[in-house]
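Please read the structure below before turning to the comments.
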Amino acid sequence: MPLLELLLSAIVDALAYSSMIYMAALGLVIIFGLMDVFNLSHGAFFGLGAYIFVTVFYATNNFLLSILVTALIGAAVGLATERLIIRPVYGQPLAQLLVTMGLMTLLFTLIQLVWPTGLWFPETESFIVSGYVEIASVRVRVYKFFLMVVGFTLFALMSITLSKTMFGVKLRAGTESRELARVFGVNIDRLFSLGFMLGSLLAFLGGALVAPLTHATVELPVHFSLLAFAIPVVGGMKSYTGAFYASLLVGFVDRFVAYFAPWLTFAVDLFVMIAVLLLKPEGLFGR
Amino acid sequence: MSLGRVILSVRDLHTYIAGFYILQGVSFEAGEKSITAILGRNGVGKTTTLKTIMGIYKPVKGEVRFKDENVTALPTDRIVSKGVSFVPAEKSIFGTLTVLENLKLAYNGPKDKFADRLETVYSMFPELKRFSSNRAGELSGGQQKMLAVACGIMREHELLILDEPSEGLSPLYVKTLLKELKGLSESYGKSILLVEQNFALAKEVIDYVYLMDKGVVVAGFPAEKIPEKDELIRRVLGVKL
Amino acid sequence: MEKLRGLVLPHRALGYLVMAAILAAPWVDRSLAAGLALSYVWASLALSYNILLGFAGVASFGHAVPFGVAAFLTAYMLKAGVPYLVVIPVAGIVAGAIYTVMGLPAYRVRGIYYAILTLAIAEALRSTIESTARTTVALTVGSIAELESLAGLYIYLALFLLLVALALASAAQDVKSTRRKRARFLKAVVYAVFLAGLAAAGYRMLFSSAEFLAGVSAGMPRVRVMRFLYPLNAYLLSAVALAACYIAIKRLAESPLGTTLVAIRENPVRASVLGYNVFAHQLAAFFASGFFGGIAGSVYVASIPTVMTDVFGSDKTFLALTGAIIGGLGTLVGPAVGGIVAGVLRDYLSSLTPALLSVSGLTPQQAQLIPSFVLGVIYIAVVLAMPYGVWGTWLLRGWKLKRKLENLLGFGAS
């Protein structure tokens, strides 16, 4: 493929990928911002979402229904995790690290156990999901544009929620100071649960949405885990806007390397992370 | 004790922080519809007492009763919902939120009364109205303090607790502020508990005073008795009132 | 003479007994050999992990890197014909050096950030290797020359006898030096029982060895010789490696470096103000941790002669971590015991899988993962159950248990 076409294809890919990375990572930032807990199992949530979505799709053949079910499961898993696993170790950073790492490994093992060979997302009749479009003689999958729309919509929704709703105000207040939020009458425990549920739901949803594009492969949970982890590091651990721009950056870097030097993908992703950590440890948009 | 009804009663509080024995048996009472002050030098445990009352710290021993209900070590937001409004000394407002958002968050009453309450607060602190859509972190130190007190008033409460309200404000302003708070408490029947180092300013408005030293309350007496307790005050606080 | 005297110390008795018992184990039940040999590798890995986490206070999720590098290097060198006993320390040094390089950012990048970074490094390494190579990367060593030698058997027996002798002497000393009559009696009984068991095992050992050697000189087929000898030698290597690691790390912990590390962990600012070069000490910890992790990785090849990229897998780090957690951070015996427990647990669960296979409809590949899953659940439960946090509980419990044991055996007040 001539260079211009290749470039166009890569850009579309990168934008779609960035959207999904944003979905995976936004929950991480919300949770860390509120609770100072870095949920290492978040990427595993993403992977689980993909697998559950495809499994449900096999059974129902209904895209929207599968999405809905996955999202609900995601919220439930989030609630259960926050109550049973995160809350008991609240205030102990080492234990939090260890327990979320344990959950991550556990979920990865579970995924390998139940679906040892990955899941293939089949062709559908829907134009949006499986159709193609021609742009400047390049055949682009329509679904990628769909993902882009989802990502940008999410960013818009997030910005509106944060700035215009009381929930958003509470979220920002809780992120700034838990103690003061309590003094202002905010029920922090409930906020934590809601925040974790929202984050988890987004991760599951992201996995579900990416599955038709990438299929639920064996590598998917690990790959997106690391990409998601890179976002708070690059964008700022508690910055909601930072997460969006960091997703774009990481998404573009990842996909462009994948196009031109695929064996270096992981290494370059890692390099970006290290570079930011060493040069601007609080993240590009962090305070 | 000429307190009338008691709205807050604290009995034999013992609190440890990071292994340090801070409160070693604090007891006092705040009367309804009056202004009670706890005076003490730096580091005697005044803020710790307030934070223990608010459930931020958990005491190992002792009891806190609000309106004769045991509220010891309840979650902070529960205590707030029962009618206690706390204005902390240091981190007292959200710098990343706008002035208006701070006030909105503080308000926990019926939605239709919000505008009225906001107007009352703006009339007390006109500068806040001017900066209402600015981020609170951009305000000066004094203005932030004003915002903190404003938030305290926005909140539905029967007891307003202020931790060192004079700090960071000009003395003239503090006098005005305290007089206004006193007026507020009188017209709406609220009670105020304040903790202070700046004794001279507090003296003008308080009805009852407690002296605190080394983690315990050493004395408590009505404001009228201040002149005769001169020596005690000098000993505990190191200064004349 | 003085040096020999130094070996026969009363408090060493238990240690000698345990080591002798470890050596005796495969003779009591041959089927234990392979599983335990691997468990000792995990125990060594857990011990090496503890240097970083327990002593230096650095949480690294990339511990698989020195382990894996050492494993690959070992396989490569063994295939090239380098003697195993040379390969092991070399692999250790290389692993230590690599871990030190990984440790460079740790000074700038703290806590959670560093943990994520190390996770990313380990995974990046694994996936880069896998995607660069055309096929599955697997280095098979075949039969290792040293493990085939008869000399190993002689060394094994000699070591066992030496340990029993030392144990006997130390136990005698210990009993003699205990003042209280009741404690003295109790100790004597316990030691006697222990020693009797060892004697029985020793008898069995010598008898079957003699039988075996007779068979060899009578012309036993090579296959049978190897079947007897090879796992024993592998076991010996693992056990000796574990013991060596334990002793070395214990010396390290008591050395100036060790105590400085603990001081730095407790209060880094104060330590640097006092003039300690925090950075250098941290790097030293990385080197030590990588070195012993590398030893573990090198010995691993004896048990698992085919080295694949899964040695860089996060489950290796995880196993070491689980061992250290279960056993208790900051103590020495803890991670060793924990590592063995984790390994044994995993083996036990693995052995149950044939039964599981027949009950459920799982493939062997799937069933293989169930032990890891169960271990993961146990791990989470253990971490959650720490009332004082992972640190505090084990620091407390470790000492309490030791004191209880000491009091029980009458070590306390003498």
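Glycine is no exception: its Cβ is also placed from the backbone N, Cα and C atoms.
Copied from TrEMBL, the annotated features are:
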TRANSMEM  A:6-33  transmembrane segment
TRANSMEM  A:40-59  transmembrane segment
TRANSMEM  A:65-85  transmembrane segment
TRANSMEM  A:97-122  transmembrane segment
TRANSMEM  A:142-162  transmembrane segment
TRANSMEM  A:191-214  transmembrane segment
TRANSMEM  A:226-249  transmembrane segment
TRANSMEM  A:256-279  transmembrane segment
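A Cβ distance under 8 Å defines the sequence-distant neighbours of the transmembrane segment (A:226-249), meaning residues of its chain 6+ beyond its ends; these are 15, 18-19, 21-22, 24-26, 28-30, 32-33, 38, 40, 42-43, 46, 151, 155, 158-159, 162, 175, 203, 266, 269-270, 272-273, 276-277, 282-287. By number of Cβ pairs under 8 Å, the transmembrane segment (A:142-162) is matched best by A:6-33 from the list A:6-33, A:40-59, A:65-85, A:191-214. Highest Cβ contact count with the transmembrane segment (A:97-122) among the listed stretches A:40-59, A:65-85, A:191-214, A:256-279 falls to A:40-59 (criterion: pairs under 8 Å). Sequence-distant residue pairs (6 or more apart) of the transmembrane segment (A:256-279) and the transmembrane segment (A:6-33) include at least 3 whose Cβ atoms are under 8 Å, placing the two stretches in contact. Panel annotation: around the transmembrane segment (A:40-59), residues 24-25, 27-28, 31, 65-67, 69-70, 73-74, 77-78, 81, 97, 100-101, 103-104, 106-108, 110-111, 114-115, 119-122, 199-200, 203-208, 210-211, 214-216, 220-222, 224-229 of the same chain, lying at least six beyond its termini, place a Cβ under 8 Å from a Cβ of the stretch.
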